[in-house]
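One structure below.
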Amino acid sequence: MSSASKKRKSDEEDTPEEEEGRTEKKKSKKDKKKKEKHFWKGWPTKLIRKVTLVNEAEDRLPVHTLTFEIPTPATSSSSTTTSEDKMIPHTSVCMELGDVVKMVIPGYKPKSYSMCRKTDQEFDLTLKVYPDGRASGYLDRLAVGDTVGSFGLRKNKQHNPGAFVGIICFGVGITEGLPVARAQLALEDGTTKVVLLWASRTTADTFWKDSIQQLQEQYPNKFQMVHILSREEKEECLHGRINPQILGQVFRPDDKAQARFVSVGTKEMMKQTDQMLLQLGYTFPQNLLLPKQQEETKEGGKQEEED
Ligand SMILES: Cc1cc2nc3c(=O)[nH]c(=O)nc-3n(C[C@H](O)[C@H](O)[C@H](O)COP(=O)(O)OP(=O)(O)OC[C@H]3O[C@@H](n4cnc5c(N)ncnc54)[C@H](O)[C@@H]3O)c2cc1C
Ligand SMILES: NC(=O)c1ccc[n+]([C@@H]2O[C@H](COP(=O)([O-])OP(=O)(O)OC[C@H]3O[C@@H](n4cnc5c(N)ncnc54)[C@H](OP(=O)(O)O)[C@@H]3O)[C@@H](O)[C@H]2O)c1
């Protein structure tokens, strides 16, 4: 294109008609988002059991496991939207690939939870209840027999096998980390070592002791569990917050190129962990266990991470 025609094109883009067109486009995007929001109601999902794993105390938040009946998804008649593409039945949720369940909180929005157990009939979510937590508080107030909208969401991650797998979990992030460890241990894909580092405030904030012990007994050479406590000193546990020195000490692959990592926590926790791993000489996506597949939205832009 000549510079003159380039100039003409940019002049043309500034006409009121063009501007109006762009406004229309924006409006239709907004309408589409509204439609998607409406669509994201999920399927009515019944709470059938509630078990407390960590009791509330002055300095400790409670953790419960909620068991829900798997709903039978109705065949959707809605138009094809980005959300619909990623919305999946609960039975298709792949815990080991980081898929999540979206719990539709009335008057708020669908919030992510990691499915930590699934059978043909039911699934478990394990959640920490935060003070004034809009989503966790609502779910905590559900009584057995109540229903809430929910659906599965594909996170479009892929499995990147390697000889050494390091899993870093912050607090209730173990809900995703332990199922990933369990699946990785069961896979015959050449992995020789799986090390799970779990950062908790105190021992009393931890749970799933029996499941962890069972994995240790089943895979005595392949699986290693390391606890780090920030607010308690205990002989067999590391002490403090996770830092690069701790990561270097806990994760010692024979060949760094063969190491695969996944971290689970808040965005900030995961970002900080990524920075630490980069400092230690690991590279992304090569050293990631579950890198995200590159995908484009229908509008051509990258999809955003949901919460
Ligand atoms: C992919 C994914 C999977 C998830 N899986 C699980 C899961 O399996 N189990 C689970 O419990 N949660 C999980 N979460 C977190 C969950 O989605 C909610 O963010 C969480 O329940 C808090 O939401 P809320 O609305 O109750 O709290 P908000 O209303 O957002 O916050 C309430 C108060 O709690 C504080 N708060 C929130 N988070 C923290 C924190 N980590 N530490 C200290 N204060 C905090 C806030 O600052 C605020 O003051 C997951 C998140 C993602 C992105
Ligand atoms: N797939 C996912 O993305 C997924 C799945 C499940 C859960 N989650 C998220 O995981 C989060 C876990 O929170 P939690 O309340 O259970 O954790 P928490 O109890 O507050 O903290 C767990 C440990 O992490 C330390 N810590 C806190 N913030 C840190 C930071 N920025 N950098 C390094 N260490 C930090 C704490 O140290 P101190 O004692 O010093 O604070 C503590 O030792 C939840 O908010 C949940 O949203 C995400």
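In case you wondered, yes, glycine gets a Cβ from its N, Cα and C as well.
TrEMBL entries are annotated by machine, without manual review.
Sequence annotations record features per position, and here TrEMBL assigns region 'Disordered' to 1-35.
Here TrEMBL flags 12-21 as compositional bias 'Acidic residues'.
The compositional bias 'Basic residues' annotation in TrEMBL covers 24-35.
Residues or ranges marked as FAD binding site by TrEMBL: Tyr108, Lys128, Ser136, Thr175. In this structure, Thr175 (FAD binding site) is part of a helix by DSSP.
TrEMBL lists 168-274 with the feature domain 'Oxidoreductase FAD/NAD(P)-binding'. For the domain 'Oxidoreductase FAD/NAD(P)-binding' (168-274), the model gives a mean pLDDT of 98.
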Of Tyr108, Lys128, Ser136, Thr175, the binding-site residues with C-beta less than 6 Å from an atom of ligand 2, in sequence order, are Lys128, Thr175
Lowest local Cβ density among Tyr108, Ser136, Thr175, which the record lists as binding-site residues, within 10 Å: Tyr108
